[in-house]
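Report on the following structure.
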Amino acid sequence: QSNYDLSPSYLLFLTSMLLFLALFPGAFDCCTKISDEIPKGILRRVERFEIQKADGLCHLEAVILHIKGKKFCGNPWNRKVKKMMKKMKHKIHRSKSHVRKQRRIRIIKQKEQKQ
């Protein structure tokens, strides 16, 4: 008898854990603590953010700030965090409408050239 014999129940446990990790890759990537005060320097360098809901796999409501491969978990009710989120959404919205406008102009020019 060797030390490497695995019982069927242990194999079932390992298989179910691997399946769980495959189906829910972010399950262990939740914010467990949030910071109430985030320095302005960090808020200025945020590249993108996500909203973590307090349902499903994560049990804490948070804003996940992404800065150069690092994550910071902030309080979603913090005034500075809310302001940063609003500013970022405005920038994203503006850039999308700008692209849409350029595409529309290009389509109009193509139609004019065909006539």
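Note that Cβ sites are derived from N, Cα and C of the backbone, with glycine treated the same way.
Annotated in TrEMBL:
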- 88-108: compositional bias 'Basic residues' (COMPBIAS)
- 27-88: domain 'Chemokine interleukin-8-like' (DOMAIN)
- 88-115: region 'Disordered' (REGION)
- 9-28: transmembrane segment (TRANSMEM)
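Mean pLDDT for the domain 'Chemokine interleukin-8-like' (27-88) in this predicted model: 89.
The residues of the domain 'Chemokine interleukin-8-like' (27-88), classed with DSSP into helix (H, G, I), strand (E, B) and coil, number 15 helix, 17 strand, 30 coil.
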